[in-house]
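Colleague: I'd like to ask you about the structure that follows.
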């Protein structure tokens, strides 16, 4: 054997590098010699073949460093050489080598069926691509399968229709049924029920780690008549079955076309069938569909992995200090704003509390009146403050034109609005509760002597019941306000606003977004009553002590100006519809003319009003066109009653799309001679959003979930337009500066766009954008990654044929079978840690803008990863989110 010095590299993210001082020795040499053939020798193998295995040997462990020759089973056997912390490594190493060598000879002399030459990477990839069970494989999984068998079996036999549920393929009953048939045919079983012993045989075969065993199962699923040949019709059936299991309706519809593609590739002689070795070749030669992101630097990747190893400090004080320091670092803007707000509320409450403690009413009403008045003072302040976060024009101007965004979290304006609303609820509860349960009862039961100081406030005749307080102006205005506030507050909760509760039909009509919108506009009545209530006070008669109007004057004036500006601006910003398209997934796309002077930044949004649906309601939607486009576009997903009605109104003017158009229904008004009568649209905006800050970063990581991709598509298009403009400048087609106006340099040098969606039809929404990026972005400035979560992850047999078909179609026609664009689609969900690691490795010492738009469920994970990588690498990730 040959002894050589090897440098070990550790690629695991959870293991740190061992000491470099450990003694290492590598062994390589022939382990199998003179492969003997049986009576029927395969022509594809030489009579003599060697397998070379390079080992990394230390004092107490052995690991496989490299394998040359052999197949996936060779790799599996070689892995048996690996030993860690072995007490007598030197004495047993030669014995292990002899055992593996003998087993390799036995395998290579087998002639189960002809095999093609396999590279190590090809066999490993194909082995993974035909994994039938991605979880619970081996003996540990059998115990769970056995337990399910005991529950599902009928008279000791498992019916075929329960086979999928028993082995864990709950969502793929048809695929599991075909798998059952293939396994049964192989054993000559014709019954539709099997015993536990037979199920155990099935389980052992589908969890077999050998590639050949898996290939035979898959071939058996396709070859339904068991004649050893697969016809085009059988290929079509398995494509339709795989497409159905992965919810890919478009592939299912084109199963015949794709079956012809596979036959053209694997049956060049037009025999009308393909054999097992043809399928094996396709699996081994198909391009890698792995979603694992490679990095340019192995050394940096290793260092990064070490830095990201989670370490736990044994000192609880240090551990707690680190958590607090990280929390403050990530949330310092929110912390100082909340601290200021709480401080002002506490100060106002204390000031009023002390003031009334030194008045004569304290002797009669006690701490009840001080509590009520302290709560009333904080309510005045919060009723004024709650209007400011919804002054959208003011906030957009402040974040765009000033530097306040560096210290004020403008992105949290709606969250702060909700926090202040909660503060109002507490203040109203304390104020009303203290009056009704404490102040008024004490006053009613006061003696004549105790009531004497109260005469200037309540009159010479002492009130004799509760009705006296309620019928007064102070009383009925307070009661009506509390009722209206309670209605608006309750209907604004997500359970009611998004119709998440299973309510009776009658009550369900009283909830939803429409109910939230109209109930929230009761604030006009509430503020009017609040001013009246604050003027007619029991215990204050001097005008300058009635401070309610003083609190509200400026905020109400500012808000009134906001509404006037919005009403005036929307009045002349009537837009002309250029194109309407209805896409799969209940998405309506509207292309409109740009109003004169309308300027916006990618990532911003506009409010839309359609009088045909409601004259009063305005709804926000992200702009999907880029600032450089000559039109304005939005994509609206049907998520509520208003959007459903809007889609229905515009669908009436649409016609079925032609073969060369995307979408289900379309109306291209600009190119149509017979222009239909369209509903009138008004727009208001644009308004600021977190995504508009993308221009502050050289590197962007854009993550969109479903329809949440809309603001990010605008950013992608803006980056693409800049690429086009730079090319035109370089080619001399346009001048870089016109009349001395210097164009501001475009900051973005690299953009990663990850779009995750459940439905195949969703890719139609932005098919044109993705194809445009593929055509014009020759320098790969924009890296697109589409993920379809309805497709089973790589390594699952249910998606193996889809992966093969995808590779063939993309190699031949340059089009992806899932998205039907030039961008290849990944299966299942991204590994977000690997995504962040890929960016961190390629852009050290830089700031990366992470922009997420989608459902709240993914927000926490992305924020934690951004924080984790920012702390443990030199790359800093700034996280911005926008939920819907």
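The chain as shown is numbered from 1 upward.
For all residues, glycine too, the Cβ spot is worked out from N, Cα and C.
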Colleague: Pick from 434-454, 455-475, 476-496: which range has transmembrane segment per TrEMBL?
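Modeller: Checked against TrEMBL: transmembrane segment maps to 476-496.
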Colleague: Which stretch does TrEMBL mark as transmembrane segment, out of 401-423, 516-538, 539-561?
Modeller: 516-538
Colleague: Ranges 295-314, 315-334, 335-354: which does TrEMBL label transmembrane segment?
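Modeller: Checking TrEMBL against the ranges 295-314, 315-334, 335-354, the transmembrane segment one is 335-354.
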Colleague: Residue list, the transmembrane segment (335-354) vs rest of chain: Cβ under 8 Å, 6 or more residues beyond ends.
Modeller: 328, 370-371, 373-378, 381-382, 385, 407-409, 416, 419-420, 423
